[in-house]
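Visitor: Dumping what TrEMBL says about this protein:
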type	residues	note
TRANSMEM	86-106	transmembrane segment
TRANSMEM	118-140	transmembrane segment
TRANSMEM	177-196	transmembrane segment
DOMAIN	180-248	domain 'Sphingomyelin synthase-like'
């Protein structure tokens, strides 16, 4: 009998938590849809710029001419991984990339709300676009012979024949992304990784994860050179360029709004509507006991789960 009672209690607990999770998810979806309706132009513009960047990287491949690998101090100091182990650097990059993407969607699941998904991606896309515009100007200014295996003399992939039609020139295929040549200075992988890690450094809450993220970026830098995917200069330039671009763009943008602010949703004179808006912004549509007070200290985020933001009406 005791076992049956325990099973019933467990089923009741699971059902109650699942119901809370679903309500929290629906509340967050509603909030993010409202934000997307206000900021869709920034998201769309950022995505279009991602396509333009990919198109520019493919375009420079038509100009690439293979030649002797340039002298590089990183190539002397780091042993070559070889083609069979070149996947290691891509594995590290993929881990950083996917981890960050999943983190940006954590408000849909977790009670503690640190960011708005739409607003954080508006900010990230602004950082990426600024860095990628500089990158396009750089690798079109001077085309270096690629050090990667498929970009060397004798490889059929080192050069691209002229496109047969405009559609072929505008079409970006995954194979072209993986086997591009000529878009060297500066590393696109480093752009994404540094932007993601710097963003989590500011808005994340777990100190251990921040430390691991920076170690992963450092390891990725070395692995990119060891895999001969880039020259050392491509990685070095990325380190200071991306950090400077992010610093200045971040200063020019308004800070992200506080999650407890009710300014993002219309507030009526009806006290019940105000209460519902408060619940919605905190991801709680059910029990008021789930409301959690959030501390605000100088627009910063306190480590290990304590949240603080600067309340702004139109934060992007």
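Cβ coordinates come from backbone N, Cα and C, glycine included.
Buried or exposed, and what's around them? Tell me for each listed feature.
Guide: Long-range Cβ contacts of the transmembrane segment (86-106) within its own chain (Cβ-Cβ under 8 Å, at least 6 residues beyond either end) map to 114-115, 117, 120-121, 124, 149, 189, 192-193, 196-197, 199-200, 204, 213, 216-217, 219-220, 223-224, 226-229.
Remote same-chain partners of the transmembrane segment (118-140), defined as residues 6 or more beyond its termini with a Cβ less than 8 Å from a stretch Cβ, comprise 32, 35-36, 39, 42-43, 45-47, 49-50, 53, 56-57, 60, 104, 182-186, 188, 191-192, 195-196, 198-199, 203, 237, 241-242, 245-246, 249-250, 253, 256-257, 315-316.
Counting same-chain residues at least six beyond the ends of the transmembrane segment (177-196), those with a Cβ under 8 angstroms from any Cβ of the stretch are 53-54, 56-58, 60-61, 63-64, 66, 89, 93, 96-97, 100, 124, 127-128, 131-132, 135, 138-139, 142-144, 146, 148, 150-151, 157-159, 213, 216-217, 220-221, 224, 229-231, 233-235, 237-239, 241-243, 246.
Mean pLDDT for the domain 'Sphingomyelin synthase-like' (180-248) in the predicted structure: 95.
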